[in-house]
Amino acid sequence: MGSLRRRDDGAVAAGGCGLILLFVLLCGAFGSVRAMSHGLVPRILPREAELLNSNFFQRMREMIMERAYEDALNEVPNEGSQPMKPVDTSHLDSPPKPRVVENWPMVSHEFGQVTAVSINHEGNPVIFHRGRRVWSAESFNETNHFQQIMEGPIEDSTILTLSGKTGEVIDESGGGIFYMPHGMTIDRNGNMWLTDVALHQAFKFMPNHDYPSITIGRRFEPGSSRSHLCKPTATAVATTGEVFIADGYCNSRILKFNAAGRLIRTIPQPPEFLSLQVPHGLTLLEHLDLICIADRENMRVVCPKAGLKSSFGEGTQAATIQEPDLGHVYDVAAYGDLVYAVNGPTADMIPVRGFTIDPRSETIIDHWGKFENPHSIAFCPNGSAMYVTEIGPNKVWKFELV
């Protein structure tokens, strides 16, 4: 995918924006002169004029950025890289059971903590890992500020594309950018969405681009305002372009952005009765209009309305799956209208394994796998394979569905 480079200001490089703004200003100036020539100058007080100018220029900036984002969103993928057709589970009598693919990968690897996996258009798994950096008790202080900034970003390639057939590394990037990788999603256009808990930011990288086209959050600044994130954990991207960010370890909220990158909803919000504790993973069930959340510390999966089709139903009671053996849920992935989840170490009597969940009946309908410390899960869009990553041991599992 080419090397990724950091862009400090997080702005979008929108070609031609300066010319557009200049054109608008000239039009405004022409209109003012014309009005004056006809004796039509309105009487505006200085304070009112200041507000009008401020609102005008703010709206112009928003419109320019929206157009740039939407142009980027609607880019057609390169020929041969069309998204795979999503899986359909409507004809299934029972849920497919994951079965480990033996002797995969066929080559040995020395990964860092593998925090995330997603699948590209070729059906190959792409992982996000921490190289030689480890999240320890000394990584953050009590105000959630990262304490190892002076060590610089991780120099290792943090993004590795593996062959779906052999497991060998076929591409790598992301060196010298990230400080503490966490979440990754590859959307239908091949854009890569990444979160970094040390930077307190989420990024969108377009295919073969070196700099993020969208940056959400302030660099190394934890916070709870509309413009801040605090240790964001995961993202989910709808086919409409709307983006959900799990924010995360501190704020325990889900932020929904439109395709232009503008915040349009916070979950939960009054009168929504939904208390989250470390939303750690996200997945969308677009057919059901649900956003399912791995609510880790509450030891459950909750699925509120995503509001992709309409705002009707937003804030109503979420589908909730919570059973004694579920434990701390680390990640969730959609397979048609089902959700597959992995838990992590919770208690001696609760096995670390995978779960198959039906959010419509709010029940666990199957158990599978055996792990030590799983952190993420992802499906090939066509349902041909499933991948699970762990952060101790640092490895990637491949499953087939039978």
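Heads up, the Cβ atoms here are built off N, Cα and C, so glycines get one too.
Record features, source TrEMBL:
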type	residues	note
BINDING	V117	Ca(2+) binding site
BINDING	R130, Y249, R296	protein binding site
BINDING	H182, H280, H375	Zn(2+) binding site
DISULFID	C230-C250	disulfide bond
DISULFID	C292-C303	disulfide bond
REGION	76-95	region 'Disordered'
REPEAT	221-260	repeat 'NHL'
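Residues within less than 8 Å, Cβ to Cβ, of R130 (protein binding site) and separated from it by at least 6 positions along the same chain comprise G112, Q113, T115, I154, T158, M180, P181. The helix, strand and coil residue counts that DSSP assigns across the repeat 'NHL' (221-260) are 0 helix, 17 strand, 23 coil. Same-chain residues lying 6+ beyond the ends of the repeat 'NHL' (221-260) with a Cβ under 8 Å from its Cβ atoms: 62, 65-66, 69-70, 73, 116, 140, 143-145, 182-185, 187-188, 191, 193-197, 200-202, 204, 266-268, 275-284, 286, 291, 293-294, 306-308, 331. Recorded residues V117 (Ca(2+) binding site) and H375 (Zn(2+) binding site) have their alpha carbons 9 Å apart, per Cα-Cα distance. Listed in sequence order, the recorded positions near Y249 (protein binding site) (C-alpha within 10 Å of its C-alpha) are C230, out of H182, C230, C292, C303, H375. Cα of H280 (Zn(2+) binding site) to Cα of C230 (disulfide bond): a distance of 13 Å.
Take the CB of Y249 (protein binding site) and look out to 10 A: across all protein chains shown you find 22 other CB atoms. In this structure, the CA atom of C230 (disulfide bond) is 12 Å away from the CA atom of H182 (Zn(2+) binding site). A simple way to gauge crowding: the CB of H280 (Zn(2+) binding site) has 26 other CB atoms within 10 angstroms, across all the protein chains here. Sequence-distant contacts (6 or more apart, same chain, Cβ under 8 Å) of C303 (disulfide bond) comprise L285, L288, L290, I291, C292, I293, A318, A319, T320, I321, V339, P359. Listed in sequence order, the residues T115, A116, G183, T233, A234, G281, Y330, D331, S376 complete the 8 Å Cβ shell around the Zn(2+) site centroid, once H182, H280, H375 themselves are left out.
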